[in-house]
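Student: Take a look at what Swiss-Prot says about it:
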type     : residues : note
COMPBIAS : 272-290  : compositional bias 'Acidic residues'
REGION   : 51-71    : region 'Disordered'
REGION   : 102-150  : region 'Interaction with PABPC1'
REGION   : 221-242  : region 'Disordered'
REGION   : 269-290  : region 'Disordered'
MOTIF    : 121-137  : motif 'Nuclear localization signal'
MOTIF    : 261-269  : motif 'Nuclear export signal'
Amino acid sequence: MAQDGVELEKSVRRLREKFHGKVSPKKAGALMRKFGSDHTGVGRSIVYGVKQKDGQELSNDLDAQDPPEDMKQDQDIQAVATSLLPLTQANLRMFQRAQDDLIPAVDRQFACSSCDHVWWRRVPQRKEVSRCRKCRKRYEPVPLDKMWGLAEFHCPKCRHNFRGWAQMGSPSPCYGCGFPVYPTRILPPRWDRDLDRRSTHTHSCSAADCYNRREPHVPGTSCAHPKSRKQNHLPKVLHPSNPHISSGSTVATCLSQGGLVDDLDHLILEDLKEEEEEEEEEEEDGGPRE
């Protein structure tokens with residue numbers, strides 16, 4: 001797919017995500033082709049149309065800017081705005097975020113136990129789903145209290161702040177005073193790009209199978225450090241993601257498959273290629289795959 005095709009697909013997916021998938025791919029594609037992939041302008045014009053057509057007192061709470069005249073008068077935009085009515089307390093925030101060109105997103109960890117594959121993705125906050133690149137199955141994120149990786153610690157005893165490999169809920173000794181400290185959060189890979197910020201300390205924790213175990217250890221616990229996992233012949237996945245059961249409303253967006261390290265355009269091309277392959281397989285098999 002050419003670069004302009006990638007830009008068109010990105011704009012279609014972003015426009016659809018702004019309105020939580022309520023704009024069909026066909027309508028979004030037509031609008032993006034008509035207005036040069038300007039998802040920001042079209043999104044704001046749709047919000048303006050909703051505000052003008054709604055007529056309720058609630059519409060006064062929606063801060064909608066006056067769009068360009070060609071978009072304001074466009075019948076396709078007006079039709080989409082009409083289809084999104086009525087304005088309610090529940091969808092007011094969606095329209096306001098679309099007006100502000102915002103798509104709330106979060107960085108989440110995913111893990112496929114079948115492939116022993118772990119990855120991070122920035123996903124839309126309202127629909128946290130990602131696909132394993134190896135088996136192509138879709139998964140929910142790893143629960144927040146089960147995440148593992150590079151963790152951030154704040155020692156309550158000596159006030160020392162440090163980083164180290166851990167799983168949420170498993171204590172590690174403070175490098176300053178040795179006091180057992182629980183991690184406050186797991187950091188996405190991009191947080192560790194700056195080599196100067198990496199810890200110079202050798203990993204050590206209280207897990208029973210840690211390669212550099214600190215005593216007293218905690219029986220029945222497992223070390224999250226890759227070296228311990230490899231040394232003990234354990235899988236990379238400490239806690240698997242649950243398979244995603246589709247409700248039919250998931251919007252495949254550039255955010256939903258946007259890697260934290262990889263190039264965005266490459267990922268969208270890869271995502272489109274995978275979708276084409278899935279469609280071909282469905283045709284060959286005579287129906288959709290489970």
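Quick reminder: no glycine exception, Cβ is built from N, Cα and C everywhere.
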Student: Mean pLDDT for the motif 'Nuclear export signal' (261-269), as a whole number?
Tutor: 49
Student: Tally of helix, strand and coil residues over the motif 'Nuclear localization signal' (121-137) according to DSSP?
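Tutor: In the motif 'Nuclear localization signal' (121-137), the DSSP-based counts are 0 helix, 6 strand, 11 coil.
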